[in-house]
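Chemist: Taken from Swiss-Prot, the feature region 'GT8 domain' covers 3-265, and the record attributes it to experimental evidence. The UDP binding site annotation in Swiss-Prot covers 11-16, 106-107, 227-233 and rests on experimental evidence. The Mn(2+) binding site annotation in Swiss-Prot covers Asp106, Asp108, His227, and the record cites experimental evidence as its basis.
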Amino acid sequence: MRNTKRAVVFAGDYAYIRQIETAMKSLCRHNSHLKIYLLNQDIPQEWFSQIRIYLQEMGGDLIDCKLIGSQFQMNWSNKLPHINHMTFARYFIPDFVTEDKVLYLDSDLIVTGDLTDLFELDLGENYLAAARSCFGAGVGFNAGVLLINNKKWGSETIRQKLIDLTEKEHENVEEGDQSILNMLFKDQYSSLEDQYNFQIGYDYGAATFKHQFIFDIPLEPLPLILHYISQDKPWNQFSVGRLREVWWEYSLMDWSVILNEWFSKSVKYPSKSQIFKLQCVNLTNSWCVEKIDYLAEQLPEVHFHIVAYTNMANELLALTRFPNVTVYPNSLPMLLEQIVIASDLYLDLNHDRKLEDAYEFVLKYKKPMIAFDNTCSENLSEISYEGIYPSSIPKKMVAAIRSYMR
C-alpha cells in the first residue's frame, strides 16, 4: 500500500472548470495517492469540497491555491488566442507546493495510464523534464507536461527569474510562457518520451505542413498522456483532430466509476468530511481582520463567516482558500442578520471603522461576542464582551473560541 502522495499541479479559472475536472478524472482513473494542487483565482469552494472528498477516498488530497493579490499579477500579453493568463500561473508553483518534485499538467489533456515511471524519474540537477514540441516540428519543449524540480526552483528563486524574463520579453515571444520557459532553461532539462506528452492536438498543424510522419506514429496502445494543443479542441462543437472520443469518454465519466475501480483494488480511505462544531461571524469595513488566517488554520472545525457591505480587498478574498471560511462581499443588513441568527459567536476582529449593525444584531439575538485587545470597539464597554484577548498571544483566542463549541 502506497503511503506517500505524489504531487500534481493544475492551473485554470472557473470558465475552464469542465476541462480541469476532465483532466483530473482521467489522471485519477489510472493513478491514486495524488496530492493535487489547483492554482486558481475564482473557482468556488463548493467544487473543491466535493472533489476533495473523492481524492481523499483514493488516498490523496486536493489543495485550493488562490492566486489573489498583487504578487500574483499575470497581466502579460500572449499571442495565442486559445490560451489565457492562467498559463503563467505555473511560475508560482514554489509558493504553494511543498514537495521537492511535482508534476505540472495542462488542463487540455487526458491521462490514459499509470504514470508511476514518470513520477519516479530522477531529475538530477535539471530544472525539469519535458517532451519536445510537436514531435520535433516545434521549437524546444512543450510546457503542457512538466516534471519540475521544485526544490531547485525554490532554492534558486526561479519564480522571480521567470517573472523578470517575462516582463522583458513577453511582447517578443510567440508562445507565451512556453517560450519564456524554453529561454530560461535552454538545455538544462531532461527529455521526456513523446508518450508522456503526445500532442494529438497538432493534427491540424501536421496536416497543414504535410508532416506525414506524425500520422504514421502508432496510437495503439494509446500514449500515456494525450495533449489537445492548438485551437482544435475536442470539446468544441466541431473539431478535426483525432481521438476526440477519448476526451469525451473521460468528460462524461462519473466519479463513482473511478472510485469503485480503486475500491475494488482495496484502495479506499475515509474522507475528512467537513463537520463544523461552531459558527462564527464578523462584519468588517476593513481589509484587516486580525489574525483571521491564523484562526482559520488553527480551527478547521470552526466555520468563519466574513461579511462586508462593499467589495472586498484581495486579502479577504484570498481567505477562500480555507474550506472553513466563507466571505460575503456586497452584502446587506438583512442578509447579515440572517447569518448572525444562525451563528454561535460574534468575533469583533476587524480594524478601523466599526459598523453598528453588527452590535445591534448581537444584542438583539443575545449572541456572545469576543475580541482582541486591539480590535474591540472604543464605543462599547468591556462588559459588552465575554472576553478580550491579547493579539500578541492569539492562541488564547483559539482556546476561547474552542470553549464555545457544542
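Here the Cβ of each residue, glycine as well, is placed from N, Cα and C on the backbone.
Could you place these features in context, so I can see how deep they sit and what lies close by?
Modeler: The Cβ of Ile229 (UDP binding site) lies under 8 Å from the Cβ of Asp108, Cys134, Asn142, Gly144, Gln199, Gly201, Tyr202, each of these being in the same chain and 6 or more residues away along the sequence.
DSSP gives His227 (UDP binding site) a strand state.
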Chemist: Reduced to three states, what secondary structure does DSSP give Ala11 (UDP binding site)?
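Modeler: The residue in question, Ala11 (UDP binding site), is strand (DSSP, three-state).
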Chemist: When neighbour density is defined as the number of other C-beta atoms within 10 angstroms of a residue's C-beta, which of the binding-site residues His227, Lys233 has the lowest density?
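Modeler: Lys233, out of the binding-site residues His227, Lys233, has the fewest neighbouring Cβ atoms within 10 Å.
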Chemist: Starting from each candidate's C-beta and looking 10 angstroms out, tell me which of the binding-site residues Ala11, Ala15 has the most other C-beta atoms.
Modeler: Ala11
